[in-house]
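**Q** Pulled from TrEMBL, these are the listed features:
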- A:1-43: region 'Disordered' (REGION)
- A:56-102: region 'Disordered' (REGION)
- A:165-185: transmembrane segment (TRANSMEM)
- A:197-217: transmembrane segment (TRANSMEM)
- A:248-269: transmembrane segment (TRANSMEM)
- A:281-307: transmembrane segment (TRANSMEM)
- A:335-356: transmembrane segment (TRANSMEM)
- A:390-446: domain 'MIR' (DOMAIN)
- A:459-515: domain 'MIR' (DOMAIN)
- A:520-577: domain 'MIR' (DOMAIN)
- A:652-675: transmembrane segment (TRANSMEM)
- A:695-718: transmembrane segment (TRANSMEM)
- A:725-749: transmembrane segment (TRANSMEM)
- A:755-776: transmembrane segment (TRANSMEM)
């Protein structure tokens, strides 16, 4: 043990001393006097309970005393769980190592750590902000997210499949940096000219730069080893993919920032678990919650990190629950704290994000059509805004009927017949997306043809379950269906306009039903979800969403479906409503409440996501392409005269990650089997294996959670979806190589090479990645000149895979 | 030697009469009037056609599952002497006299009947009492949905049988592990586990869930075994090896064997040929093989070929051209080159013939000796009937404006030069010197001037293009896709110099003779891949349902209705069993969590020996239920109530286990125990009562009056047919 201290002082690299502390740790409890008492825990338990009770008080009084709680708690933990050992080791070994030199070395080490952190951060910022203004035109998805940022500045409503936080931040950054929201963001390649885009790119680069210090700190905390952390940071700094993705107006840097922040805060609060309810503990715990809300608020991919934090929290609580020295009240407190910080707080924040989103966007815009009529009534500029119409449907009312599924439109008919050979040759009935006179229908009783608007007849409301007739206002034909095949969906029945001046036959009768209502209820405009059931055949009026050929003016097909399953295709609502005999009310009454808006936004987002289906005959990126860096994404430019930016991971980094994953699985399972077989590892190895299994396992879990779910997704996938997983995989690589090299060094302990192996290994990995970055940096910073297959290209000889395209 | 005679020959038979009785009852309930109704019932219409294909040895492709299930059904037909002559087109159609209905339905019925005693054995192997075991078996016996499903030519009862067999044999294996590892019994049960697992995967892909269940439980047990330090390392290694062989290798080999038999049996071409690649089709008797038999193998300059798209979606089709030109202006106002249309046509046609031409020479005949075309060669493709050259240029394609138009070049004497050079890129080449081979080579045509690739876009052209499929040139850089790959299907060496002669030649069939055979693995991989990627369009069915409706039995399926009376067969479960099974699953979960929490606080409610049994029972039965049920929430295909039946059987196994547990451990006094037993008996008799009430809908043997039918409609969502 005496050897350890001089070595620590003479060896300026903090890594070595870090290792020594780590490796000696398992011994300390045995040597610790408090630990020695623990050999007879049964006798001591009551006494400990008392310490526990008194020890529990201070944090409740104030965070300042938290430090004082450290000592008695640690003593108690000594026997019960190995989990505390690694973390407890630091103060113990410090106390035991010969006083002064250790202290100075500790101070040196702390300074060294801060210096490295500063260096890492500086390098990250330098690489991310270099040539940020290039190219001065729209790259790739900037056309979407920049546009959405502008929408926030202009306060126009839009629809996107992702939750709003990311775009809100982009909008905010633009606003603060003086961008006025007037740039159109029409298509990739458009020049920004005088518009100020640097604020928005700056925000993304800023958050993207933080990924690296966050990863550095996470690895440092998980492995307690500086070289591992440095390696992870270097892999990310020198990865061209991460760099490219952080330099443009995209959601990914924002998302990854929140994911990494959540990961770091989770790791940090775990390492504070020896002093629960102290100020830093609360701080990290609530930061975890805040970051989770942020991640979910940017993209639904945030769910994966939530899952990871959730799994960790459950296992953490489970351990606490098994700790018999803790009373149930304490465990209850732990549970409540986690529910508060990891469930309630994120949920509140998430809802708050939507509240801001909805209050800011109050003008009608391109997203209106995706939402229900009632929702649209909120937006100024929409025809439904501030409108006033009668509230309940009555006979004689003139109405428009809108399908509830998005992008289907209004029930429509026009003076054109179905062509020869397609069902009966009667008037077409379709759905039409735009407002039009031909969308107007009159609702009539099925058995009389008297004019309900005649002032002598009292107003009669339409009720749930009534049999009605819908007469097309312009052509006076009735909505009709019969046993003929529908034009496109052969299993459904055709719907036509039939009859002359409202006189038809019994196939014109429809039963109107309100979804989830009782018999006899009145039907509310906008709010009631209605189904129209054909009385004779029992089928339901719906729209298949298929586009009719030219004879149908490319409007959408309307059918009567014999399948009574409730799908949105067969649910309608009444939008416009004209009835002079009824008093008009302001639509504000019908406006949905905030929870309803929230629910509807989510339904629409989920449906939008599901709607992003890949086409059969197109090349699509598959999840298995990603880790092998099979193909990149072209951000800007295609020809040799263009300024080209190509999103592709640095192949050296990515393939190293891939190898490391395999190596990790191999070494991890070998160690796990050895432990299960009861192998007695030397103390030094035990520390290393713990880092490998615990810290590495945590990161492996992160990688799996952010990667495997994509195999189950049916939507269109892109290469950049892999980047959150890639962050975890790089961190794992850092830990793995550091540990493996230490194992090597330990194996060679007798030879003088021992110390050199580790340092040389880490150094060569660092230099190797840096050199590969030097080779591949034009991918990210942009390249002009011939394509890579030409010998005079700047990238000549670097097209290692045929599928790369730069 | 003489020892034999010194002692009398003794046979000790150990017959469990419970088992015998259960088997008898099972057989009775499943086999009773098996041939009734003598008409096509529900999905029999679907499986029946495959049975017919087997009988006639005609190749087919069914994406619903691997072939073992179909083969077992066909085995019934084979034993009954079915000749396959029946038109399976309508549910309710009467069977003609040549259809051996009894033997066709026999195997599923036997599987259903044997599931009853197996349930008994599983519960007793889990170390629960005979009463509990009897309970499980009796519940299986009277469950109406299981009876209905086993009495018809359907696969679920076979699947359930093998699921249970896998679980049972694993349990037997695990129990013999303790005292006699590596004994004959031990090996037998281990191997049987593997066999049963692969059979259930072979019947339906759903079987994978049970396989995963067995695998994961075996993995946990093996992990414990590794931790057992009384065993030597060598011994542990042998255990691991045996398990790997029994649970991984054997199932994989068997799975291949199923496909081997399947492909051996089906050697004639049939209606599903079109889905398969040309090479596969050529390996079947008749069909394409008749055409391609004797074609020259190597494509040479001057060869006449038809080019088939490998991807073949939305339709398998051949590169095609005809006299008509692209309209000058499309409907949406964009312009075209007005040159001759090139499309992809899903039928055989003389216009599908193309001639491979050497750009440097004018002849369209094959030299003697033929000069083969190699990877990387520059070729021109001449359309046989119009002698125009395949061309693409920087004009937007009619329906895919981001890609280039492909045409056959007509010289209008305007400043639009012909760009008709294509570089041949053999995708599945072994070396860069490979020769372009008929059928076998998968090739891309890369346009020399624009590096666009000839591709099937998948869109249907409007009326001016006769609704044929659009062919475009897409930039190579947009990524590789199978729709860019083509293969030569028909091929002959062109001999005629004159166009008129050549047209005659194009109309005549190909000749010559080279036989080529595809290896089994290639055929297997192709069939398996097509099965997994084939997507049926249908997304609506009257009786489809969602997983949430299954647990509470909110849905049913009408299987058959008597043509005249109102006798009908429904897939309808015994409500009492479904509801109580779901409740006990919830009960088990709650109890389990409670015990787990208590144990974590070091308070053990259960005696130490009862706990592992309780956990294993839950892991097998509860886990089996969850694994067979929850994945359906992630599937976006059409689902039916019968998909729930495997999950239900696991739930039924769990039911008596939980009941026994309550009686053993939660009832504190003898009085409570007696009271509880009485309750259980009452509950079971109510289940029997419900079962007998629903019996007419299960067997369909009795015509009920409208009033009786109305009375049976216990839930509004049940669809019971009432004749007016």
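Using the three backbone atoms N, Cα and C, a Cβ is placed for every residue, glycine included.
Remember, it's a predicted structure, so these values are computed and weren't measured experimentally.
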**Q** Return yes if the transmembrane segment (A:165-185) and the transmembrane segment (A:248-269) have at least 3 CB pairs under 8 Å (sequence gap of 6 or more), otherwise no.
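**A** Yes, the transmembrane segment (A:165-185) and the transmembrane segment (A:248-269) are in contact.
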**Q** Using Cβ atoms only, state whether the transmembrane segment (A:281-307) and the transmembrane segment (A:755-776) have three or more pairs under 8 Å that are 6 or more apart in sequence.
**A** no
**Q** Look at every Cβ pair spanning the transmembrane segment (A:725-749) and the transmembrane segment (A:652-675), keep those 6 or more apart in sequence, and say whether at least 3 of them are under 8 Å.
**A** yes
**Q** Check the transmembrane segment (A:248-269) against each of A:197-217, A:335-356, A:695-718 and return whichever range has the most CB pairs under 8 Å.
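**A** Counting Cβ pairs under 8 Å, the winner is A:197-217.
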**Q** Other than its close neighbours in sequence, what residues sit by the transmembrane segment (A:695-718), given a CB gap under 8 Å and a spacing of at least six beyond its ends?
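**A** That would be 219, 222-223, 259, 263, 267, 301, 304-305, 307-308, 311-312, 609-610, 612-614, 620-623, 626-627, 633, 661, 664, 668, 724-725, 728-729, 731-732, 735-736, 739.
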**Q** Sort the residues of the domain 'MIR' (A:520-577) into helix, strand and coil with DSSP and give the three counts.
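**A** For that range the per-state counts are 6 helix, 27 strand, 25 coil.
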**Q** Can you name the far-off residues of the same chain, 6+ from the ends of the transmembrane segment (A:335-356), with a Cβ under 8 Å from a Cβ of it?
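**A** Long-range Cβ neighbours of the transmembrane segment (A:335-356): 163-165, 168, 276-277, 282, 285-286, 288-290, 292-294, 296-297, 306, 309-310, 313, 317, 594, 597-598, 601.
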**Q** Mind checking how the domain 'MIR' (A:459-515) divides into helix, strand and coil residues in DSSP?
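**A** The counts are 3 helix, 29 strand, 25 coil.
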**Q** Checking distant contacts: for the transmembrane segment (A:652-675), what same-chain residues at least six beyond its ends satisfy Cβ-Cβ under 8 A?
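**A** That would be 235, 238-239, 241, 627-629, 681, 689, 692-693, 696-697, 700, 703, 726, 729-730, 732-733, 736-737, 740, 765, 768-769, 772, 776.
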**Q** Based on DSSP, tally up the residues of the domain 'MIR' (A:390-446) by helix, strand and coil.
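**A** Output for the domain 'MIR' (A:390-446) reads 3 helix, 27 strand, 27 coil.
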**Q** Across the whole of the domain 'MIR' (A:459-515), what does the mean pLDDT come to? Round it, please.
**A** 87
